[in-house]
Amino acid sequence: MKAYQRQFIEFALEKQVLKFGEFTLKSGRKSPYFFNAGLFNSGRDLARLGRFYAAALMDGGIEFDVLFGPAYKGIPIASATAVQLVEQHDVDVPWCFNRKEAKDHGEGGNLVGSPLKGRIMLVDDVITAGTAIRESMDLIQANGASLAGVLIALDRQEKGKGELSAIQEVERDYGAHIIAIIQMGDLIAYLEEKQAEQPELAVQLAAMQAYRAQYGI
């Protein structure tokens, strides 16, 4: 695990974006952890979040032309990432987002910002079922662009309805690379590191390991 990944886990815990416990997911599964990126909800949080996304993007090494943030959650993340790519890495890239409903007046259309062309890096919080990716692909392809990759905060590394995870299905269907700031394996490694000084984490660690054994890929 790299330093920025460990720092991101601690940031997510500090903001209660990441919680350990018992949570029922939309799928009906009982999960030993929950991740809600909507709780990164201040200016400082968003600036820090953008730095982590930018670090992961630079670390991933995938070439792209435009950052795209799908409405709604992807919009502030793509914006913050674009800002921090300049501030932290001196990399200036165009970015854009879509409207849920196209305007029929003014500038019109359903895209705001840079034209959606070339190799697109889609930016979002997590991939759960891959629905947002598939909807975005319709827009990307309609503009004659291609999907270079997907940048997310967390890869849960768990099976969907079949043997593949939603992320693996996206990789298979679109040939796109997925970059995640952290994966479930990083959360387990973090708990293993911290258990020596915080023995009470043993329960959470065991629950995470059991969950991975049952649903992991």
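Here the Cβ of each residue, glycine as well, is placed from N, Cα and C on the backbone.
Together with Phe34, Phe35, Arg156, the orotate site in Swiss-Prot holds one more listed residue from Thr128, Thr131, which is Thr128. Ranked by CA distance from Asp125 (5-phospho-alpha-D-ribose 1-diphosphate binding site), the binding-site residues Phe34, Phe35, Arg156 have Phe35 at the top as the closest. With every protein chain in view, the residue among the binding-site residues Thr128, Thr131 whose Cβ has the most Cβ partners within 10 Å turns out to be Thr128.
In the three-state DSSP scheme, Phe34 (orotate binding site) falls into the strand class.
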